[in-house]
Amino acid sequence: MLEVFELQCFIQNYLWGKKGLASEVSRLSLAGQHIDSIDEKQFYAELWMGALHKSPSLVKSSGQKLSEWIKRNNEALGEKSRLKFGDELPFLMKVLSINSALSIQVHPSKDYAEELHKQYPELYQDSNHKPEMAIALSNFEGLCGFRPYSEIRFFLEEIPEFKLIVGCDLIDQFKKDTTNSQYLLKDIFYKLMTSEKGIISQNLSSHKKKLQSLCDDKKNVFLAKLFNQLDCWYPNDVGCFCIYFLNYIQLSPDCIECMACSDNVVRAGLTPKYIDVKTLCRVLNFNGAPAESKLFCGVKENSYTTLFRPPVPDFAVACIKVPADEIYELLKRDVASIIIVVHGQGKITAPQDLILSAGKVFMVPANVILQIHVGFESLELYQAFVNL
């Protein structure tokens, strides 16, 4: 039987990450010996755990790439995973520490990903889709999915700058023709996102001044605090207007994220990186829905394990919280998994002895049963695996 082994993982230093010790990514990476020291001037945005070609994890004891180890030990993936995804690990788990807004972005479907990779391989470097799920570790804010059409209509009507940018006719049509809302919203969003920078800058400035003059209740309605924060991070960026189109979600900046094994991103704003509004609008779903529809709760598997199972086969994530001084046997998975310790300490006592402490990451082959002995403080783990 294949044994559990520790992984050496790598950091992405994106500019939206937190600096130095303020970053959960840096703290976990140092504690788990993925880095030797922390630079207080450096951004620590993401810790990657998986086999994606851009930054694959390594077998810590040998330095071998995880992807190469899997090729030589493909039975570790489990029969169900191999039948569905071949001899590859189809998911990537991350820890994120976010200081400023990420870009307005979408991830293409499998069909679009293949098309974009074929046409523009320098921009879209793999052919896979990228469904993803975030599990908050601390206070977390996000924009996700288009608002209900009624909310978008309200903002388009109440914020005069939109009529100056997009035009009254298109907005009036969206207001009256409720049978074609999806298509009209696409036209409005495209017109907004592709407008000349000078026009956007002028109208952002005008809207900002009007927000300052509002009473506190009105400022809350028009998301003044969020708008001003985005404008501070990305001045004169059209993405600041997106808060009136997209659902604003607040969760409990650091999070665990899991996704299909891809790094494809199509961006439209709030970024210094390449922007491709035309492609984004082509692949984007313009269905309006409330923020609650973008959230889902985990399901208790037992008293210590909560399972987050999205409607995709590529990945699921289990959150495992075990009290101090407990001996606990993790649920057996018939597919391979990756585990990260985010809090506490203890040890794996079967199938072999391994120390568990914050920041350590492990590869667990399919059908391996782990028994853990928790130390003097409670243990919190996250386990990612194929959702089959």
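Placement of Cβ uses the backbone N, Cα and C atoms for every residue, glycine included.
Automated prediction, rather than curation, is the source of TrEMBL annotations.
Per TrEMBL, Zn(2+) is bound by Gln105, His107; the candidate from Glu79, Glu88, Glu122, Glu132 named for the same site is Glu132.
Report note: the Zn(2+) site is defined by Gln105, His107, Glu132, and the residues of the same chain whose CB lies within 8 Å of the CB centroid of those residues, excluding them, are Val106, Lys130, Met259, Asn264, Val265. For the domain 'Phosphomannose isomerase type I helical insertion' (175-246), DSSP puts the residue distribution at 57 helix, 1 strand, 14 coil. When DSSP labels each residue, the domain 'Phosphomannose isomerase type I catalytic' (4-148) comes out as 39 helix, 43 strand, 63 coil, counted as helix, strand and coil in that order. With a cut-off of 8 Å between CB atoms and residues at least 6 apart in sequence, the same chain places His107, Glu257, Cys258, Met259, Ala260 near Glu132 (Zn(2+) binding site), listed in sequence order. Annotation for Gln105 (Zn(2+) binding site): spatial neighbours Val265, Val266, Arg267, Ala268, Thr271, Leu280, criterion Cβ-Cβ under 8 Å with sequence separation of six or more.
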